Amino acid sequence: MKAGNSRKSAQPPDTRIDPNRGRKEDGVKVTIYTDGSARGNPGNGGYGAVLSFTNSQGQTFTRELSEGFERTTNNRMELLAAIVALETLNRPCEVELHSDSQYLVNAFNKHWIEGWQRRGWKTAAKKPVKNIDLWQRLLAAMEPHRVSFVWVKGHAGHELNERCDELATTAADSGNLLVDTGFTDAD
């Protein structure tokens, strides 16, 4: 199974966040915080994400997501946190995604990913890009949304980043770990 997919149904349709609940107009803004961790890197890992939006009546809705995996890396978990959060949205949204992963944020804000794609998923040094499976899945998850990426300093006391870190590390340390079949030793 691919990372983020499990034998059990991780995202039943009726539990998906509906950012347009109580709204008539499109383009609702969703704020997402994400974090990933791995013990040993590679080792057991996990991701955490917190999604929130406020509807037109001023009601704020929040959803937390997390899952743990055997033998993975922190970068794969950082990517998976963003992927799963975006895949949870059931309508096109304006998304502000906050992450302490410069790997994730810089890929978009510094346009690394555009260069990787132009070069056939090769780095500027002509080496294969790591985690191609997840980068491609992330691009697909972003497709219906307008996504901006914001870097936040990790372990600096930011409440939602700290919560994502707690979710990720708790998932990594849980006994209920999934297999990250996309992981290779080259990652």
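Even glycines carry a Cβ here, placed using N, Cα and C.
What TrEMBL says about a protein is an automatic prediction, not a curated fact.
Values in this document were obtained by computation on a predicted structure and should not be read as measured data.
Features of the protein shown, as given by TrEMBL:
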type	residues	note
REGION	1-27	region 'Disordered'
COMPBIAS	15-27	compositional bias 'Basic and acidic residues'
DOMAIN	26-173	domain 'RNase H type-1'
BINDING	D35, E78, D100	Mg(2+) 1 binding site
BINDING	D35, D165	Mg(2+) 2 binding site
Any further residue of that chain within 8 Å (Cβ to the Cβ centroid of D35, E78, D100) of the recorded Mg(2+) 1 site: T34, G36, S37, N74, M77, A81, S99, S101, L104, G154, N161, C164, D165, A168
Position of peak Cβ density within 10 Å, selected from the binding-site residues E78, D100, D165: E78
Structural state of D35 (Mg(2+) 1 binding site), classified by DSSP into three states: strand
